[in-house]
């Protein structure tokens, strides 16, 4: 598998899951402004929407959208928690959490819009806080991770997004469970491996 990524972007989530799954993978960086791959290729030829991530599973076959990519990687791994049985409540909960991560991701996206006025930024942050409050309510102090005691794909995705808030110096003190989740995720050796591969601390 080849993952097309941008350093620190949402593509870090599937990078983490590839690392955790122990599957062989290649990485190719993308210049999202120029829409060029690291080897100078036209990224629109890989993903017509021009966004990361994109996962090439074999020559000519590419999956886009994080939720789909994360589930695909899980289903092709040997990690039981990454691929609950079809039709099970556990699988539905995993997909529910991935869907919420997409909502949380969308809330944060506005933070990176160019020329954002103070009023617009305040509105974006209010929406982020609303979504983070929802996430906080979903998390349990009794569990090590979001869906229980096993690390799963939503943990990776949510942690990447929460990290954007940390990087933007947002006040996240109202979300201790979310911050603790991120802390646990960042402590995992395979997560640290993915960060190192992207040149992140």
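The backbone N, Cα and C atoms fix where each Cβ goes, and this holds for glycine too.
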Worksheet item: For the glutathione site that Swiss-Prot assigns to 10, 35, 65, 66, 102, 103, 104, 105, which of the candidates 52, 79 is also assigned?
Response: 52
Practice prompt. Starting from the Cβ of residue 66 (glutathione binding site), draw a 10 Å sphere and report how many other Cβ atoms land inside it.
Written response: 25
Worksheet item: Which value in Å gives the longest Cα to Cα span across the glutathione site residues 10, 35, 52, 65, 66, 102, 103, 104, 105 as recorded?
Response: 25
Worksheet entry | Three-state secondary structure, residue 10 (glutathione binding site) (per DSSP) | coil
